[in-house]
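Enquirer: Mind looking over this structure? Questions follow.
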């Protein structure tokens, strides 16, 4: 298959950044297709740490074209700040190697403020958003009142579009007892940003179609994880976009038949940030040990991640909803030294055994994991680059994961460094 889609197979933070960076060496184009600057990637290249939030990981590789698709919500200031920060680290970024869909929805200060107001209003209604305006921006997109990048090229019609947007937002603010936003201030800000943003604007669907017809390889980079999908995730503790693999087509303008091989990324254990159900969560010393070893803190927020054993039920479910062809298993080295390792193979719900996570919030909270115990290993897996480097028991663990989720392991990651990767099946050649 000429193209590859990379998606998180859990709740995000699975190590997609490293895998995308590793695969991007074989790709011509790396395209983001959903989310915003709420989901960060940390990449370690030759000892240098790079933190990305909005930009595709492909920007770190010279000669690759990076693309931000229409399915993304785009914060102009966050974009400019990230470009500036990476430029200071020696990364060359310009309209020559980075294009942004002209019809991408913009995140404005009013979106960030509304997000924070909702999240901080009550602990009872908090779902753990990053308060970066992602959800409110998607709401405006669906409500057909969003400001898009292309609108900055037509300053004459922009005031009308801002007024349409404020008809909604100022009504909300009046209800909250807050002062209203002024259209003139927003117009001034967007007018000032336009010359810095418009050089990146592109008709992305057309660009990608041309490149596809030329035989170029496209790598579609997802953010977050499939269990945060607004339809297929643990609703309402989800993000505001579709994070499953099918969104790669919708979020870039490519046809579904053009997406190609679907590679799911999952950790050898499970983590989650924020609120929501987590059947295998370990609120004990083992969970803290995994978190410390794995340095489980959010790239963007710094929030500690909740940690637990590998949940084969959830990953198997994601394999189905995303149509995953192969998995990349990351952070196997974090499990080094455990005498035994637990893997969730099913759930008990109200006295009955089930093989999937139910859609209802109440039922999700009541499921109890059924565990299978697997013998651990003492020898290190860290920095392994071939199957021969792995302890026999670690190989057995990987093989058992394959059996339980019904999907082969295509890649195995044993450290944050891009070279510490074991290739089983090349997604671009599958």
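For all residues, glycine too, the Cβ spot is worked out from N, Cα and C.
As annotated in Swiss-Prot:
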BINDING   12-18, 40-42, 305, 331-333, 413-415  GTP binding site
BINDING   13, 40  Mg(2+) binding site
BINDING   13, 14, 15, 16, 38, 39, 40, 41, 130, 144, 224, 239, 303  IMP binding site
ACT_SITE  13  active site, proton acceptor
ACT_SITE  41  active site, proton donor
BINDING   299, 300, 301, 302, 303, 304, 305  substrate binding site
Enquirer: Among the binding-site residues listed here, 15, 40, whose Cβ has the fewest other Cβ atoms inside 10 Å?
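Expert: Output over binding-site residues 15, 40: least Cβ neighbours within 10 Å is 40.
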Enquirer: Taking the residues 13, 14, 15, 16, 38, 39, 40, 41, 130, 144, 224, 239, 303, which the record names as binding IMP, find the longest CA to CA distance and state it in Å to the nearest whole number.
Expert: 34
Enquirer: Say you check the Cα of residue 332 (GTP binding site) against those of the binding-site residues 40, 130, 302, 303, 305; which is nearest?
Expert: 305
Enquirer: Could you tell me the C-alpha distance between residue 303 (IMP binding site) and residue 13 (Mg(2+) binding site) in angstrom, no decimals?
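Expert: Counting only the Cα atoms, the answer is 12 Å.
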Enquirer: Restricting the comparison to the binding-site residues 38, 40, 130, 224, 302, which residue's C-alpha is spatially nearest the C-alpha of residue 18 (GTP binding site)?
Expert: 40
Enquirer: Near the Cβ of residue 224 (IMP binding site), how many other Cβ atoms are there if near means within 10 Å?
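Expert: The Cβ of residue 224 (IMP binding site) has 26 Cβ neighbours within 10 Å.
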Enquirer: Whole-number answer please: how many Å between the C-alpha atoms of residue 42 (GTP binding site) and residue 13 (Mg(2+) binding site)?
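Expert: Counting only the Cα atoms, the answer is 9 Å.
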Enquirer: What three-state class does DSSP give residue 304 (substrate binding site)?
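Expert: Residue 304 (substrate binding site) sits in a strand per DSSP.
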Enquirer: Select the closest residue to residue 304 (substrate binding site) from the following recorded positions, measuring between CA atoms: 13, 41, 414.
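Expert: Spatially nearest to residue 304 (substrate binding site) by Cα position is 13.
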Enquirer: State the Cα to Cα distance, in Å, between residue 13 (Mg(2+) binding site) and residue 224 (IMP binding site), rounded to an integer.
Expert: 7
Enquirer: By Cβ count within 10 Å, point out the most packed of the binding-site residues listed: 12, 302, 304.
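Expert: That would be 12, with the highest Cβ count within 10 Å.
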